[in-house]
């Protein structure tokens, strides 16, 4: 019963919220769609932490893709033994995971300890950091657990991965996922929560990664709006247009 | 040939008194919001000085603008596209708040709330970033009027460069030598490097008037434009996480009003008008090998609106004919290309800036008069321009990429104009040898004098209105110019001044402003039927009844404009 709910229904709920939430925010909150960079306040720690975290995270995503999407039979077919794969995943995945965790620890430390940066941190940001950090920590735990639990540890490519792929053909292999150990369950669950909150946090900036910069012309010409000065109707959006002035008599 | 129109500005630096009115009014209009406390779209720097943000001109540090690569092609100094994308997670070169300054306010409330005591309450400075007590140690114009120059003067990147090149010649005399003000806004470049640096493509140049804007909805806060702009005129709003910049007051310019900085300029040193340029030639012009050729190549891109071929091409490409007329009357074109006295700021950045400067002659004039010479004699002035190497070299670093010949040429023109007009004003016979010495005709020189010294509002600001069907919707929804009889509505209402429907405030402002700025009579003289409205009084004339009659004898009449007639030597333009 719980298994059906968690591994049969929740994934689809998550996808629905992720997609519809992103579309909604893209339509209604272009102005709030930004990295909200705090580099203006503090640069030294950011220059160390941010690239470590981001590049680590990109490597983690690549690793997840490799582990979840590509079936074990394919890698075996190309002559990659399970042992070799496992070692590789542990080494590369471990390094990427540690980088990501180290990066985010630096960034959170910076955020807490630098006055202006902490002041610019919203409740939304704090919730997001909790979920994001939890997902990273739990992910590393699954990796470490598989190192310490015997010869090969748990082979998630026989449980989690088939379940993941089965979701896309709308026939979730709930039994496979249910067979995975607890560490994988909790990591997957927190991961799904992360994707649910994703469209409603500053994480959306990842969806507009500016890859088109590589192809666009340097100089952009654009015609003036044909109806200048027409004040846009105030739409209900994610955040009110403009910013609230800092309350100055907080003292 | 692809003819495009560009709104441009010229600032005559000799007239700048460094009052910061432009900065203040601009800030009030555009950047008085949270997140932009430290932002000055318009700032006035004292030169020599570090500028704002500090040392922004040191491109070896800040990596702004363009440079030529080994193959002679134009590339961003901050790196190519891939390098930019890899550096996106933490912009490798970016000014921090301390390079601008930490904005602050004062704890005024204490002055009122403090309990009774022996000490006077003090309004302590509070940081606008952290809200905590702060120590004010820098600002956008901390080194105003050479403040702290003995300690910090050498930090000006141009001083560094001039010193390096001329060794100890100026080592100590420097601080006493000269000073002038440099008001700066966004340059609205033809080849903007901020735009090229923007990963999102949010910065764009308007086809109609060339104004460079940031699309606030498309900007994602990647901050590369801030590195890209060599003038550091793009700012990061730390509240919204978006880039912001000078808008050339486009909502005003679209309806024919000058920018706020121009409008409020006390010295009337700003000129606004159109340039026509060939958009196809911009990239090549920006890629000439020798930086000292950039000024010339930039001039070559500008097209002559009186050339029938250019006019035909312009019309062909959809530039309306009233815009062509405006381009023909453009004061900025005249100063930059006809008289060749306006120069671009730092052409060596290869961005083709479109805010031009008439370099100041005052450092030289001041020095001459301080030494007891006649500072308006052309012989003295010409001699001084040649002799006073340091100011000339400094100006050359600012305006001609270090080429002192060009700046000397311009300064000599200004000196000649001064000497020539002095002669005329003092009733002497005009000396045609003075204009001839700088390659101008007397008529030409007189026209230049007119434009630079006594041009009226309409001549200084030649701004064609934007062509839109709904132009009347520009300022207020549903407010139209034909409100109660259209432009005439500003006249009397049937039952007295305030009768009838209330006037939409935007219409009132627009016509009141226009009326006031372009008339020679006190504002509202007719409409108020001789009554005085001190709120609207603009200092133009003296309204009846507002001042007591003068008892003493009337002052001597000022010289009438007729005394300043141009010499009749047939040297018209």
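Including glycine, each Cβ sits where the backbone N, Cα and C put it.
What TrEMBL records for A:4-224 is domain 'NarG-like'.
When Cβ-Cβ distances below 8 Å are used as the criterion, the transmembrane segment (A:6-24) is approached by residues 163, 167, 172, 174, 177-178, 185, 188-189, 192, 195-196, 198-200, 204, 207 of the same chain, each at least six residues removed from its ends. Taken from TrEMBL, the feature transmembrane segment covers A:6-24 (among others).
Counting same-chain residues at least six beyond the ends of the transmembrane segment (A:45-70), those with a Cβ under 8 angstroms from any Cβ of the stretch are 38-39, 89, 92-93, 95-107, 109-110, 114, 136, 139, 156-157, 160-161, 164-165. According to TrEMBL, the transmembrane segment annotation covers A:45-70 (among others).
Sequence-distant contacts of the transmembrane segment (A:90-109), counting only residues of its own chain at least 6 positions beyond either end whose CB sits under 8 Å from a CB of the stretch, comprise 45-46, 48-57, 59-60, 63, 67, 129, 132-133, 136-137, 139-140, 143, 146-147. Taken from TrEMBL, the feature transmembrane segment applies to A:90-109 (among others).
Look at TrEMBL and you will find A:129-148 (among others) tagged as transmembrane segment. Sequence-distant contacts of the transmembrane segment (A:129-148), counting only residues of its own chain at least 6 positions beyond either end whose CB sits under 8 Å from a CB of the stretch, comprise 60, 86, 89-90, 93-94, 97-98, 100-101, 104, 108, 111, 154, 156, 181, 183-184, 186-187, 190-191, 193-194, 197, 203.
Among residues of the same chain six or more beyond the transmembrane segment (A:174-198), those with a C-beta under 8 A of the stretch's C-beta atoms are 3-4, 6-8, 10-11, 13-15, 17-18, 21-22, 127-128, 131-132, 134-135, 138-139, 141-142, 145, 154, 156, 158-160, 162-163, 166, 204. The annotation transmembrane segment is assigned in TrEMBL to A:174-198 (among others).
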Local confidence of the prediction over the domain 'NarG-like' (A:4-224), expressed as mean pLDDT: 91
